[in-house]
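The next block holds one structure in the form of structure tokens; read it before the comments.
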Amino acid sequence: MASSTFLSLLLFALLTTFHPSLQQNTLQRSFPLTSAPLSDTSAFKARYISSLAAGSSSAPFGYNYHSSFKYSMALIVSLPIGTPPQTQKMVVDTGSQLSWIQCHRKSPRQQPPQAPFDPSLSSSFSVLPCNHPLCKPRIPDFTLPTTCDQKRLCHYSYFYADGTLAEGNLVREKFTFSNSQTTPPLILGCATDSGEAEGILGMNLGRLSFISQARVPKFSYCVPQRVRRDMVSPTGGFYLGHNPNSNTFKYIKLLTFPKSQQTPNFDPLAYTVGLAGIKIGGKKLNISAAVFRPDTTGSGQTMIDSGTQYTFLVDAAYARMREEVVRLVGPKLKKGYVYGGSLDMCFDGDAVEIGRTIGDMAFEFDNGVEILINKEKILDEVGDGVHCVAIGQSESLGVASNIIGNFHQQNLWVEFDMNNRQIGFGAADCSKSG
């Protein structure tokens, strides 16, 4: 969020229920997104597991509000929160559940949208008391540590892997899109100390996520191509509800698994898809399809994650990919160099030539759907003239999953359709989607 790193924040928890049916009270809006580097915090992303508290129903939104976002490493949306609304920046994260915002009185020197949320200015703001069900640590589906603070309010705190602390109170607040259109009061984290400039918009399948609480049937985003040397961040678009481009999308079904599959290495709230194979330069790598499906321990799950920058593969898949890259451009590898503790296929020299030698890459899914990565986008510039293949080993994150990050979602509409339990992809010039 504030400094440059590609790791989003992962804190896996267990849950045995999936997202409830979202048939009513739909939201249909699109918002301006701003994208900025994720803060240098962790390889682990907060994934909160909890029950959806009862809230009043909201009327369907029958229009779209569409603007632009800037993309560098993280997708950051500006949303109107409270009554009257205060614009807050939140990282759109399909791998997190609980949404949280920076929450304390404004400093006179801070101007929107940089200013944190001031609860005293909102008539719809309320805090959760200690006796609220979500504040009882022994609730089976709520693993976020909570305590009762000195004011008898529900206090939460957690540490990222690097020791960065995020803490605050659990609260209720509305997203106020207009005078006549608001969400019900949603449960959010109100962070008083997180070390971050922005909050998190939790968009996974958990019952406490924004899309579940607000009853959003689908959402989509279009990540524009980022060119570091231009020094100007490109723009893209984000929709809640119907996307007018969806008639061009190709869809794959989300995978579902029995409760017995939900082992410590498995995240039941992630957008799990059926990756079938990987091609480099038109050649399909010799990787068993079983590598891309969760085994009895949960390892091997493949998920689409907007909150992780790069793509990460489990050992068996990564080994085959690295083997092919070494075969094609091995002598040009920057020996002994590992970027960020994860990317070890890096090069000095002409990135265009190296990319052309490697060739196009494709992630193949069920039903013949694929994500094609043009050879010019195989490598990412990581600084000082060094370029790396934008794929790392999942083990370097301490996870056992295949994660397709936002770098490999550039120039692509990605739609998450909860009603039909599917994900759609549509090639696009995302710089024109804003």
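Glycine is no exception: its Cβ is also placed from the backbone N, Cα and C atoms.
Because TrEMBL annotations are produced automatically, they should be read as predictions rather than curated entries.
Some features that TrEMBL has for this protein:
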SIGNAL    1-23  signal peptide
DOMAIN    75-426  domain 'Peptidase A1'
ACT_SITE  Asp93  active site
ACT_SITE  Asp305  active site
For Asp305 (active site), the number of other Cβ atoms found within 10 Å of its own Cβ: 24
Segment confidence, the domain 'Peptidase A1' (75-426), expressed as mean pLDDT: 87
Neighbouring C-beta atoms (10 Å sphere around the C-beta of Asp93 (active site)): 28
Length of the line joining the Cα atoms of Asp305 (active site) and Asp93 (active site), in Å: 7
